[in-house]
Amino acid sequence: MADRQRDPDLADTLLLLEHPPVYTLGRGSSLDFIKFTPPASFTAGVTPSSRAEPTPPQPGPELHRTERGGEVTYHCPGQLVGYPILNLRRLSADLHWYLRQLEEYLIRVLDHYGLRGERI
């Protein structure tokens with residue numbers, strides 16, 4: 001990753017991997033979406049909202065705040081996750097254009113395997 005920052009002309013890469021059980025919380029997330037009590041170290045400085053009764057922290061998946069948009073995402077073994085790593089400026093400066101292209105490509109791949117994909 002550091003090499004890519006130094007040289008944006010490196011070839012595009014796709015990372016495919018499985019995560020251990022983990023919840024990631026995007027910028028739009030709230031701890032109200034978590035159905036278990038996170039460890040105190042995770043909630044330090046967070047004002048509780050509508051939780052009626054706090055319960056003791058329970059062992060469970062890891063929690064990580066991220067800089068992505070959206071709310072809460074759960075990743076676990078058996079779930080294949082893909083991370084395209086590329087220089088969008090080389091393709092188009094518009095992130096939404098790229099996402100529509102990626103979406104169309106995945107819909108076509110699904111169709112090739114007899115599965116129906118659609119835009120939401």
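Glycine is treated like the rest: Cβ placed from N, Cα and C.
For 8-120, the entry in Swiss-Prot reads domain 'BPL/LPL catalytic'. Positions annotated as region 'Disordered' by Swiss-Prot: 42-68. What Swiss-Prot records for ARG68, GLY69, GLY70, GLU71, VAL72, THR73, TYR74, HIS75 is substrate binding site.
Following the DSSP three-state reduction, the secondary structure of HIS75 (substrate binding site) is strand. Ranking the binding-site residues GLY69, GLY70 by the number of CB atoms within 10 A of their own CB puts GLY70 at the top. Taken residue by residue with DSSP, GLY70 (substrate binding site) is part of neither helix nor strand, so it is coil. Cβ neighbours of GLU71 (substrate binding site) (same chain, under 8 Å, six or more residues apart in sequence): LEU25, GLY26, GLY28, SER29, SER30, PHE33. Counting residues per DSSP class in helix, strand and coil order gives 29 helix, 22 strand, 62 coil for the domain 'BPL/LPL catalytic' (8-120). Every protein chain shown contributes to the tally, and the Cβ of TYR74 (substrate binding site) ends up with 12 other Cβ atoms within 10 Å. Sorted by the number of other CB atoms within 10 A, the binding-site residues ARG68, HIS75 start with ARG68, the lowest.
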